[in-house]
Amino acid sequence: MSTVHEILCKLSLEGDHSTPASAYGSVKAYTNFDAERDALNIETAIKTKGVDEVTIVNILTNRSNEQRQDIAFAYQRRTKKELASALKSALSGHLETVILGLLKTPAQYDASELKASMKGLGTDEDSLIEIICSRTNQELQEINRVYKEMYKTDLEKDIISDTSGDFRKLMVALAKGRRAEDGSVIDYELIDQDARDLYDAGVKRKGTDVPKWISIMTERSVCHLQKVFERYKSYSPYDMLESIKKEVKGDLENAFLNLVQCIQNKPLYFADRLYDSMKGKGTRDKVLIXIMVSRSEVDMLKIRSEFKRKYGKSLYNYIQQDTKGDYQKALLYLCGGDD
């Protein structure tokens, strides 16, 4: 007799294999796509006195990433100029950030966000943690390849020179993208062993055996770890998130918390990040933009439903209240609708 959790886990696995991720994206390929026509319309919009931002937003937020690459190619053929640099000159502020982000491939976007998080003085640990903890093996391997292509250095090298201690070890291990893939066989003995090892390495003893935590949480498959965290509760008086808060501090604590939340429910993790970026006074636009751009073709529909379920109001509604102008329009198109 399978438990509900196993059935859900199996469904989510099968779902992930049989349903392309884009099925949960809010941005789909445009049906009557014509790259030449789009390139011409964007060229006209850029040349318009005062710049016709509405046309630029309408076109680029309603095309798939692949289609945007075709538009950029057609634009360069037409004008002998790069679309990205033409738009950089024509736009400004948060809208510019969104539009330039949409022109990059997903791996280029992640690579450039990672580079920016480690450039200059200080590290933007939040961005580094979010990307490294939430991307799949395949995505991470592609990011590593593109990062080297773009910056002529290894992502791992940059992480090593920009971080330290156990936090560095965790980031380096995750960035390799070598986690076991979800299999169809459930190994109950290993689930139990891992749960006990996590408990023995942390809450049960004085001090924390961080390398043990790192090896289990970066090497096992997502589905396996979901079961491990469930099982963990039968050994520990605290769940995994509470244990992390008790055992480690600083960037390491932050990274483990992000990682466990991503493993437990990735769309909910992003829904929480989006909520945090807009709650209270002011908006953390950097976080908001990065998620809206990077998840729009991956799992935005799932993120929206988790957001509505947890916060009682739609993501669309929150964005409407928190942003304005063509920047708002661009984000709402990426959101893909109200719930």
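Quick reminder: no glycine exception, Cβ is built from N, Cα and C everywhere.
For the region 'S100A10-binding site' (2-24), the model's pLDDT averages out at 54. Swiss-Prot lists 2-24 with the feature region 'S100A10-binding site'.
Look at Y24 (phosphotyrosine): DSSP puts it in a helix. Summarising the environment of Y24 (phosphotyrosine), the number of other Cβ atoms within 10 Å of its Cβ, over all protein chains shown, is 20. Annotated phosphotyrosine per Swiss-Prot: Y24 (among others), in sequence order, evidence recorded as similarity to another entry.
For S26 (phosphoserine), the same-chain residues 6+ apart in sequence whose C-beta sits under 8 angstroms from its C-beta are S296, E297, M300, L301, R304, L334, C335, G336, G337. Taken from Swiss-Prot, the feature phosphoserine applies to S26 (among others).
Taken from Swiss-Prot, the feature repeat 'Annexin 1' applies to 33-104.
Annotated N6-acetyllysine per Swiss-Prot: K49 (among others), in sequence order. DSSP gives K49 (N6-acetyllysine) a coil state; it is part of no helix or strand. For K49 (N6-acetyllysine), no same-chain residue 6+ apart in sequence has a C-beta under 8 angstroms from its C-beta.
The feature SUMO2 cross-link is assigned by Swiss-Prot to K49, with similarity to another entry given as support.
Annotated SUMO1 cross-link per Swiss-Prot: K49, in sequence order, evidence recorded as similarity to another entry.
The repeat 'Annexin 2' annotation in Swiss-Prot covers 105-176 and rests on sequence analysis.
What Swiss-Prot records for K152 (among others) is N6-acetyllysine, and it gives similarity to another entry as the kind of evidence. K152 (N6-acetyllysine) falls within neither a helix nor a strand when secondary structure is assigned with DSSP, and so counts as coil.
As annotated by Swiss-Prot, phosphoserine applies to S184 (among others). Annotation note: S184 (phosphoserine) sits in a coil segment as assigned by DSSP.
Swiss-Prot lists 189-261 with the feature repeat 'Annexin 3', giving sequence analysis as the kind of evidence.
Swiss-Prot lists Y199 (among others) with the feature phosphotyrosine. Cβ neighbour count for Y199 (phosphotyrosine): 21 (other Cβ atoms within 10 Å of its Cβ, all protein chains included). Under the DSSP three-state reduction, Y199 (phosphotyrosine) is assigned to helix.
According to Swiss-Prot, the feature N6-acetyllysine maps to K227 (among others), an assignment based on similarity to another entry. Counting every protein chain shown, the Cβ of K227 (N6-acetyllysine) has 23 other Cβ atoms within 10 Å.
According to Swiss-Prot, the repeat 'Annexin 4' annotation covers 265-336.
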Measure from the Cα of S184 (phosphoserine) to the Cα of every one of the modified residues Y24, Y199, K227, then give the nearest.
K227
Quick one: what's DSSP say for K227 (N6-acetyllysine), helix, strand or coil?
helix
Within 10 Å of the Cβ of K152 (N6-acetyllysine), how many other Cβ atoms are there?
7
